[in-house]
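Just below is one structure, and these are the notes that go with it.
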Amino acid sequence: MKLLEERIKKDGVVLPGNVLKVNQFLNHQIDPELMYKMGEEFARLFKDEEITKIITVESSGIAPAVMTGLVMKLPVVFARKHKSLTLVDNLYTSDVYSYTKKVTNTISVDKKFLTSDDKVLVIDDFLANGQAVQGIFNICDAAGAEIKGVGIVIEKSFQEGAKIIHDRGVRLESLAVISSFDDNQVHFEGEE
């Protein structure tokens, strides 16, 4: 998605450890117009799939997931990372290691929001080592839900995340695919 790539080039900051900071429009401050355009693109890419629900992990996956849900007219569920007084039992859970935060969270989804009748589209902000997506896969497997596809805003193709998805035979669509951060610059796949 050219618009997203341009925004990453303009506002993204490469940090040590192959981390891309996109706080200007995705991970702290949100650009709703850009999120909506991403939602439209995910909806276009997955329009022929029989999806009943969109699922993501809090918190940065929520904005693109909600916009995709808005365009596709589908409910959105997000896996919670933190315990809550309102979310205590009857949960699907999975442990997820965060590449950028270097911590393990137990994500959870209330069983009433994900069932074996669901055909889900996973939407998330980044795909690096694939741990968040693997956690969602674990939750969907426990629920008996069918995973129809994964939509990623920014994929780092030089890390292992895509392999986890492809090994499952699940369709992956990424709006921006980064091939490297050479010289602290973002380089996209297909660039010369």
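All positions are counted from 1 along the displayed chain.
The backbone N, Cα and C atoms fix where each Cβ goes, and this holds for glycine too.
When the candidates Lys148, Lys156 are compared with the xanthine site entry in Swiss-Prot, which names Leu20, Asn27, the shared residue is Lys156. Looking only at the binding-site residues Leu20, Asn27, Lys156, the one with its C-alpha closest to Gly130 (5-phospho-alpha-D-ribose 1-diphosphate binding site) is Lys156. Ranking the binding-site residues Ala128, Asn129, Gln131 by Cα distance from Lys156 (xanthine binding site) puts Ala128 first. A count of other CB atoms within 10 A of each Cβ picks out Gln131 as the most crowded of the binding-site residues Asn27, Asn129, Gln131. By the criterion of other Cβ atoms within 10 Å of the residue's own Cβ, the least surrounded of the binding-site residues Leu20, Ala128 is Leu20. Gln131 (5-phospho-alpha-D-ribose 1-diphosphate binding site) falls within a helical segment according to DSSP.
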